[in-house]
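Trainee: The [4Fe-4S] cluster 1 binding site annotation in TrEMBL covers Cys59, Cys95, Cys129. What TrEMBL lists as [4Fe-4S] cluster 2 binding site is Cys204, Cys208, Cys211. If you look up TrEMBL, you'll see 50-168 marked as domain 'MTTase N-terminal'. What TrEMBL lists as domain 'Radical SAM core' is 190-420. The feature domain 'TRAM' is assigned by TrEMBL to 423-486.
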Amino acid sequence: MTKETKSDKDYSIYFQPPSLKDAKKRGKEEIAVLYDFAIPEELKLFGAGKSYMIRTYGCQMNENDTETMKGLLEQMGYTETEDKEEADVILLNTCAIRENAEDKVFGELGHLKHLKTRNPGLVLGVCGCMSQEEAVVNRIMQKHAFVDLIFGTHNIHRLPILLRDASFSKESVVEVWSKEGDIIENLPRKRSGMKAWVNIMYGCDKFCTYCIVPYTRGKERSRRPQDVLAEVRDLARQGVQEITLLGQNVNAYGKDFDDINYLFGDLMDDIRKIDIPRIRFTTSHPRDFDDHLIEVLAKGGNLVEHIHLPVQSGSTEVLKLMSRKYTREQYLELVGKLKAAIPNVVMTTDIIVGFPNETEEQFEETLSLVREVGYDNAFTFIYSPRDGTPAAAMEDNVPMDVKKRRLQRLNDELMISARASNLKLKGEVVEVLVEGESKTNPDVLAGRTRTNKLVHFAGPKSLEGKMAFVRVTEANTWTLKGELVEEPLQLSV
Ligand code: SAH
Ligand code: SF4
Ligand code: F3S
């Protein structure tokens, strides 16, 4: 079923469909950090005169990987295009988190098929989290055989070689490593704009029972502090205004070091001394949020007062079935500590409704937790069973229409708390990092507060990429409107 490539390298052990079972095993072997990455000399002009397009689905981790793949492709001489009709390489960087994420990709593959018939030279590739799933790879091989290349999340650095192989091979090239690879430093990156992501760790060892990520991203492994700090300093020198530190579970940062005692709080304490106006992080797991980290965050400065702290459910019993490893009370205690330590902290979260057998009372506990915390925003989802995860084997007696109604009630509750929180800002002056013209009205600028709220205001285009100060004149549920003012002596947010 799996086809091999003409590659002369001995990577044959990897040319097999991925295995979720193998991906689950957490090996004891050391993860090496490799610093000597380089594009093979003979591939540096491989893409000259050709263009590529990458479609990115899913979370910031994928956005981040896309920037790396763009960097690799541009070092091979390819240029980026937005026009799929003219692209010589099209990559779909996919997400496996919920069924609808996967449906979108299969839909897109259907749309792209005709391009292959028109341009047989086109290399069409699928990468990202879906490639790590055996069922998906099998389905692509059987039903979408026109796909030329499938590679996983652990071997992105092999893209130049895989692309060469796919271009010359008549058969599909499949290279997915079920076990995570090493950490590869010094990969090229194509970044744009005044904001940047910095990956501080890869993988996840939490194994929440509903979640596919530990299988698609491998075990937790942290980048060395000096490598993260060097990257952040370099971004500061380039004038980047905002950095988001990335990991599936950033508070587990450093727990895998056995030669140094250096955790996420230590990293934040070092990063806050670097001259970048805003530092964010995502995502933090409530379980590993320690007091030292709270102490460091309370120092403020460029560490913004916005914490995304996924709760998933307000019911201790459901949390237990989800294997989140904290109770409702422990979560609320943590929120209490954060609110006490960080003035004006804004909390956002992720919530799943309709987990197998979630009762009405358990769902109402989620509603009451939402009221108690007073979130400013949340990503809310209907539970979607994922093949190979423990929850997929749980019997589920909550009908879909009940799940949908719960999602609606939850979203209504969140709108109330988001609106209440925004109303408090009316009349206040906020610091806004200006992103550019508003998508809906080119006469208006759009930007974000330190707490990541979207603000619209009239002002000169020259402010793009810079900080501005804006008095809030109108507060809506999800956005603020305001007017430009002089820098105030004291800021509200
Ligand atoms: N590492 C992050 C979450 C990454 S996935 C964390 O633990 O916070 C983003 C969100 O998708 C999760 O927080 C969860 O709310 C949701 N999610 C994950 N698996 C899901 C599933 N099987 N069904 C529905 N939502 C899911
Ligand atoms: Fe998934 Fe849980 Fe890991 Fe987040 S912490 S990525 S929800 S397993
Ligand atoms: Fe999706 Fe993979 Fe991110 S499953 S949410 S793209 S880690």
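Just so you know, glycine gets a Cβ as well, placed from its N, Cα and C.
TrEMBL: automatically predicted annotations, no manual curation.
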Trainee: So if I take the binding-site residues (Cys59, Cys95, Cys129) and measure from each Cβ to the nearest atom of ligand 2, which come out below 6 Å?
Mentor: none
Trainee: Using CB under 6 Å from any atom of ligand 1, narrow the binding-site residues Cys95, Cys129, Cys211 to the ones that qualify.
Mentor: Cys211
Trainee: What binding-site residues among Cys95, Cys204, Cys208, Cys211 have a C-beta sitting less than 6 Å from any atom of ligand 3?
Mentor: Cys95
Trainee: Cβ within 8 angstroms of the Cβ centroid of Cys204, Cys208, Cys211: which residues besides those meet this for the [4Fe-4S] cluster 2 site?
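Mentor: These residues sit around the [4Fe-4S] cluster 2 site: Lys206, Phe207, Tyr210, Ile212, Val213, Pro214, Gln248.
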Trainee: Cys129, Cys208: which of these binding-site residues has the highest Cβ count within 10 Å of its own Cβ?
Mentor: Cys129
Trainee: Which of the listed binding-site residues (Cys59, Cys95, Cys204, Cys211) has the least company, meaning the fewest other Cβ atoms within 10 Å of its Cβ?
Mentor: Cys59
Trainee: Between Cys211 ([4Fe-4S] cluster 2 binding site) and Cys129 ([4Fe-4S] cluster 1 binding site), what C-alpha distance do you get in Å?
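Mentor: Cα of Cys211 ([4Fe-4S] cluster 2 binding site) to Cα of Cys129 ([4Fe-4S] cluster 1 binding site) measures 12 Å after rounding.
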Trainee: Other residues near the [4Fe-4S] cluster 1 site, CB within 8 A of the CB centroid of Cys59, Cys95, Cys129?
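Mentor: In sequence order, the nearby non-listed residues are Tyr57, Gly58, Met61, Asn62, Thr94, Ala96, Ile97, Ala101, Gly128, Val213, Thr216.
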Trainee: So what pLDDT does the domain 'MTTase N-terminal' (50-168) average out to?
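Mentor: So the average pLDDT across the domain 'MTTase N-terminal' (50-168) works out to 96.
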